[in-house]
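Step one of this worksheet: look at the structure below.
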Amino acid sequence: MPPQKAPAGVTKRVTARPPNARANRGAPPPGTRSAALLLLAAVFDRRRPLEEALDQLPAAIEPRDRAAAHRLAAAVLRHAGSLDAVLEPHLRREPPPVVRAALRMGAAELLVLGTPAHAAVAATVAVVPRPFAGLVNAVLRKVATEGAEAYEGLDRERLDTPPWLWSAWHAAYGAAGVRAIARAHQQAAPLDLTLAPGASPPEGAIELPTGSWRLPEGTRVTDLPGLAEGAFWVQDAAAALPARLLAVKPGERVADLCAAPGGKTAQLASAGGIVTAVERDPKRAARLRENLARLKLSVTVEEADAATWMPAEANFDAVLLDAPCSATGIIRRHPDIPHLKRPKDVAQLVQAQAQLLAQAARLLRPGGRLVLATCSLQPEEGEAHLARAAALGLVPDPIAPTELPGLRTALVRGGTLRTRPDMWAEQGGIDGFFAARFRRG
Ligand SMILES: C[S@@+](CC[C@H](N)C(=O)[O-])C[C@H]1O[C@@H](n2cnc3c(N)ncnc32)[C@H](O)[C@@H]1O
């Protein structure tokens, strides 16, 4: 997102304390800030996903520095609009990108993460090119003394949401809806797990009404016992719903289209389905295989384009199409998304989804079931596909309220699923998903 000023006419909301300000956790370890600058340059300058940038950090960077850099970069990405609004009065002209990124980083440490001022300022100054050290020092000192008050007075929900997404969500969900969604995006998400059949949940996990298990935000999955043994896999509670809605019975032949990293594949195979998972991207297909091996699940993985893939023996009992999408439903977990996606991406993805849907319908036996899912809040990538499905001869198979315990508000339009990140707000929210179920006539 380019630096933004508060839009005209936006009401300023004042809260006693920034809701994201954490208890002071002390200064991040050395090496964090230069690694975070690499991550931010990848997202802001080259428009690469944060996860990809993390994978490409130099191998010499220590795991604890990587984790701290990820946390710092995520705070900048989540709050970039608000941080810019605080920085703006202290900048006479636009600084070079690396300096802008460092200023956002320093401001995020001061205003969001609670790093002590002396550590945040000195360590940020140390990673900028020398000619800009004085500027960064002066601006961050100002932010350290005056920034908190300015930050608290901002309409952060609005400033941290790109205008095109705000307008689209306003049109789809109304004024209260867009506000609630943007508020949910101010917070990082908790860690949700799906348990392997018969496995015990990790200590401290809470069971959600839909059957997923939740641990507090910031929990590191690698610290949980049972990960290597395949006792669970990481999967947001909303992401776990589409495969459940397919209600696979043991021995059924199931095609899982667009499958990596395989959370839904694992659910389908655990339910006893004879699963073929189709994934186009070779690296992601390799990750899918690794994940299935860890979970000791037997699945046929096809590296192929699901828009044209047609095995000799199709006639599947059930097909899950978890189509590639703009991913605007998972911004809580991926705060880089608002900085990477543009409206034209949505239009292109809708075309791809329509092709995949048509092919998915061809794979079914008569009477077979299809669930279409996208992790997007854009109606073009969800509800708009219902008319296309009807034209393909797919008959709606409405989801029943009993299939969504604790989530009845997510049941809309005569039996389709629409979750939003502001649902289950008291329990830490849920990702935004659309899902619809059909039968082949
Ligand atoms: C939303 S993610 C799928 C998440 C996955 N179903 C899960 O639950 O873990 C979309 C995946 O589809 C893959 N993909 C995109 N277009 C594809 C296509 N035409 N054929 C097969 N895979 C595709 C992407 O590489 C990506 O791995």
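Cβ from N, Cα, C; glycine included.
All TrEMBL annotations are machine predictions without curation.
Residues C258, A259, A260, P261, G262, G263, K264, E279, D305 are recorded by TrEMBL as S-adenosyl-L-methionine binders, and the candidate that the same record lists for that site, out of D317, D322, is D322. Counting in whole angstrom, G262 (S-adenosyl-L-methionine binding site) lies 15 from C375 (active site, nucleophile) by their C-alpha atoms. The Cβ neighbour count for C258 (S-adenosyl-L-methionine binding site), using a 10 Å radius and every protein chain shown, is 25. Spacing of C258 (S-adenosyl-L-methionine binding site) relative to C375 (active site, nucleophile) is 13 Å (Cα to Cα, whole number).
Its own atom aside, the Cβ of K264 (S-adenosyl-L-methionine binding site) has 26 Cβ atoms within 10 angstroms in the protein chains shown. Fewest Cβ neighbours within 10 Å among the recorded positions A260, C375: this applies to A260.
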